[in-house]
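The structure appears below as structure tokens.
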Amino acid sequence: RYPPKIAKMTTIYAVYLIAALDITWMFLQFSVTPYLAKKLGFDTLWFGYLQTTVGVIQLLGGPMFGRFADLFGARTALSLACASTVVFFLLLAIADTPAMLFIHKIPTIFMHVLPASQMVVTDLTKPEKRADALSKLGLCFGIGMIVGSTLGGQLSKLYGEKFTAYFGAAGSAFSLLLVLKFIPKNTKAETTRGNTTVFNLGEITRLMKFPTVMQTFIIKIVAGLPSGIFQVMFSIIALEFFKLQPEQNGYLMAYFGIVQMVIQGGVIGRLTARYSDNSLLLLSIGVSSLVGLAQAYIQNVWQFCLNILPMMFSLSVFNVITDSMLTKSVPSSDTGTMLGLCASVQSLLRTVGPTIGGFLYVNYGISSIGLIQFFVNIAVFVYLLQRRLNKTAKQRK
């Protein structure tokens with residue numbers, strides 16, 4: 001059963017806070033891991049292996065975690081995710097060998113606070129309000145990105161990496177207390193029936209058979225891959241192509257965060273109230289193709305800062321709309337599993353992105369990444385537009 005309206009809103013606001021804190025702790029970690037890896041003798045190649053390891057672990061864990069959330073409820077799923085984050089930071093604090101740095105990544109298999117938060121918001125909102133509610137989680141991401149980057153940098157500078165990691169563990173423990181206090185045991189209108197095994201590939205892939213799910217999922221992967229490659233290569237591009245210093249890179253990340261907050265908090269809700277999901281999907285892919293074309297000809301960081309505005313707009317709209325469309329296509333008892341599958345798409349991009357992006361960047365330069373984004377997205381745009389025109393023509397007949 002749904003809780004009363006006030007209790008429902010309290011739960012949603014608590015989830016927003018938990019999500020913002022989780023992103024804060026994750027960006028806090030970004031101020032520790034690269035420097036610790038350097039101290040332990042990691043070169044760029046081995047640091048890439050470390051990042052790929054996380055991608056593979058989360059790729060495997062995402063769908064299973066989503067299924068776990070559907071079976072055992074929101075509180076249990078979020079508790080597991082926050083508890084795993086505590087263990088993650090404690091292992092990071094005691095990591096003093098290259099092997100330990102790899103071992104500390106193992107808990108990331110359950111560290112899916114954001115998909116679990118999306119599940120709760122999906123369960124507690126009506127389908128027509130869902131995209132707007134999910135976009136507010138992106139606002140939380142922007143806040144966490146700015147606070148975490150700033151806080152992590154200051155703590156590492158003043159007290160060192162070990163203290164910062166322990167601070168992250170304490171913060172994650174606080175997030176766990178918030179989950180136990182404010183999140184109800186179950187938030188679903190209907191519970192999962194039939195097979196109740198978490199590790200059941202058939203139950204997970206069954207969702208692909210619902211109408212439009214497979215098509216939307218393929219579009220999410222194909223259209224999202226080129227921009228995903230750019231995102232995972234950004235730290236290398238900032239360092240080598242734009243020649244940014246660490247503090248300049250921090251300012252740029254804060255700018256990213258602010259732009260995302262404005263778009264997620266103030267723009268997407270208005271757009272979803274006025275336009276259909278299919279129209280917004282078409283718009284986001286069209287804008288993304290133009291972003292890729294502009295990216296291919298960028299020469300300096302100021303031009304890049306201008307391109308960030310349409311880039312963040314297309315990324316934000318694309319991610320929110322595809323997640324919203326996919327959760328609307330399956331029964332409410334399966335939305336957690338579907339969001340877990342959506343999260344695994346991001347993990348897939350983080351897994352293959354460094355390899356593809358590294359090859360393109362080294363052999364063909366930064367412009368090749370932008371041109372591939374342009375050609376892939378324009379092809380998807382034309383395909384979707386053609387389908388839409390054909391559907392309109394059939395309806396007129």
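Quick reminder: no glycine exception, Cβ is built from N, Cα and C everywhere.
TrEMBL does not curate its annotations; it predicts them automatically.
Taken from TrEMBL as is:
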type     : residues : note
DOMAIN   : 8-394    : domain 'Major facilitator superfamily (MFS) profile'
TRANSMEM : 12-32    : transmembrane segment
TRANSMEM : 44-65    : transmembrane segment
TRANSMEM : 77-95    : transmembrane segment
TRANSMEM : 101-121  : transmembrane segment
TRANSMEM : 133-151  : transmembrane segment
TRANSMEM : 163-183  : transmembrane segment
TRANSMEM : 217-239  : transmembrane segment
TRANSMEM : 251-273  : transmembrane segment
TRANSMEM : 280-298  : transmembrane segment
TRANSMEM : 366-385  : transmembrane segment
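With respect to Cβ pairs under 8 Å, the transmembrane segment (163-183) is most closely packed against 12-32, considering the stretches 12-32, 133-151, 251-273, 366-385. If you look at the transmembrane segment (217-239), the same-chain residues 6 or more away from its ends with a CB under 8 A from one of its CBs are 44, 51, 208, 249, 252, 281, 285, 288, 291-292, 295, 311, 314-315, 318-319, 322, 326, 341-342, 345-346, 348-350, 352-354, 356-358, 360-361, 366, 369-370, 372-373, 376-377, 380, 384. Per-residue pLDDT, averaged along the domain 'Major facilitator superfamily (MFS) profile' (8-394), amounts to 85 for this model.
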